[in-house]
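K.L.:
To start, I am sharing the structure in question, which I have written as structure tokens.
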Amino acid sequence: MADPWQECMDYAVTLARQAGEVVCEAIKNEMNVMLKSSPVDLVTATDQKVEKMLISSIKEKYPSHSFIGEESVAAGEKSILTDNPTWIIDPIDGTTNFVHRFPFVAVSIGFAVNKKIEFGVVYSCVEGKMYTARKGKGAFCNGQKLQVSQQEDITKSLLVTELGSSRTPETVRMVLSNMEKLFCIPVHGIRSVGTAAVNMCLVATGGADAYYEMGIHCWDVAGAGIIVTEAGGVLMDVTGGPFDLMSRRVIAANNRILAERIAKEIQVIPLQRDDED
């Protein structure tokens, strides 16, 4: 039986590459930077241009499909995940990196049916790395199969996380406290690349052993989550329970041993869900 969603995935790869070309051209030029929820929550005309390009192209080919896009939500649309085939799009994951020309910027596309992710595409466009995964068929970077690391000892692990966009003193204290707890276990190190999607792809490659973050959105992780699991890794809620795409929090690790240890150490930061008003 033919894969009903393979054509959609092939189209997503084509669109991600086209979007990446737009991003890589724009990063060379002066930018009009705007603010969203705070002085550090940035958006550019390129974010909006790329999302509009992606959604309009997909709508033309698949008019019955649904969409959740970062900039559409910022403009007032709802993040509602239904059973309908849904494209979950982050046109530029790592906008702050993009603004500063820090070279980790990704176009991220996740595709869900019946609320389950069927495939993910993450194009780290400055690096020229195309990460892809189809449910049940493995994860790849530029055609090379990915495999998570085999590390089970957290004291020998390399973690990735982000400080996030909140500058509320209480939240910042909790973020730094969580990092301190993990750092002092001790772990080999903690890194921050500046994009959730690339952080998760680094776990999929085996370059990092685990990633955790609270404050992300569904479009940050929809594409990369399946890349982690298809590379042999796990997704988990920061409480140690099942991962929930709309919860705004995730642990992505090479195995349950590291994921559960991270969940045990960190304090949960209260957040409004993506699907709540």
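Each residue, glycine too, has its Cβ placed from N, Cα and C.
So Swiss-Prot has the following annotated:
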BINDING   Glu70, Asp90, Ile92  Mg(2+) 1 binding site
BINDING   Glu70, Ile92, Asp93, Gly94, Thr95, Gly194, Thr195, Ala196, Glu213, Asp220  substrate binding site
BINDING   Asp90, Asp93, Asp220  Mg(2+) 2 binding site
MOD_RES   Thr168  phosphothreonine
K.L.:
Do any residues at least six apart in sequence from Asp220 (Mg(2+) 2 binding site), in the same chain, have a Cβ closer than 8 Å to its Cβ, and if so which, in order?
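P.N.:
Same-chain residues close to Asp220 (Mg(2+) 2 binding site) (Cβ under 8 Å, separated by 6 or more) are Asp90, Asp93, Ser108, Ala196, Ala197.
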K.L.:
So which of the recorded positions is most packed in, judged by how many other Cβ atoms lie within 10 Å of its Cβ, out of Thr95, Thr168?
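P.N.:
Going through Thr95, Thr168 one by one, the largest Cβ count within 10 Å is at Thr95.
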K.L.:
Hey, what's the Cβ neighbour count for Glu70 (Mg(2+) 1 binding site) at 10 Å?
P.N.:
25
K.L.:
Looking at the recorded positions Thr95, Thr168, Thr195, which has the shortest Cα distance to Glu70 (Mg(2+) 1 binding site)?
P.N.:
Thr95
K.L.:
Roughly how many Å separate the Cα of Thr168 (phosphothreonine) from that of Ile92 (Mg(2+) 1 binding site), to the nearest whole number?
P.N.:
24
K.L.:
Does DSSP put Asp90 (Mg(2+) 1 binding site) in a helix, in a strand, or in coil?
P.N.:
strand
K.L.:
Grab the substrate binding residues from the record (Glu70, Ile92, Asp93, Gly94, Thr95, Gly194, Thr195, Ala196, Glu213, Asp220) and give me their largest CA-CA distance in Å.
P.N.:
18
K.L.:
Ranking the binding-site residues Asp90, Asp93, Glu213 by other Cβ atoms within 10 Å, which is at the bottom?
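P.N.:
Comparing Cβ neighbours within 10 Å for the binding-site residues Asp90, Asp93, Glu213, Glu213 has the fewest.
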K.L.:
Taking the Cβ of Ile92 (Mg(2+) 1 binding site) as centre, how many other Cβ atoms lie within 10 Å?
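P.N.:
Excluding its own Cβ, the number within 10 Å is 32.
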K.L.:
How big is the Cα-to-Cα gap, in Å, between Glu213 (substrate binding site) and Ile92 (Mg(2+) 1 binding site)?
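P.N.:
With distance taken Cα to Cα, Ile92 (Mg(2+) 1 binding site) is 18 Å from Glu213 (substrate binding site).
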K.L.:
Taking the Cβ of Thr195 (substrate binding site) as centre, how many other Cβ atoms lie within 10 Å?
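P.N.:
The Cβ of Thr195 (substrate binding site) has 28 Cβ neighbours within 10 Å.
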K.L.:
Rounded to a whole number, how many Å is the Cα of Thr195 (substrate binding site) away from the Cα of Ile92 (Mg(2+) 1 binding site)?
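P.N.:
On Cα coordinates alone, these residues lie 9 Å apart.
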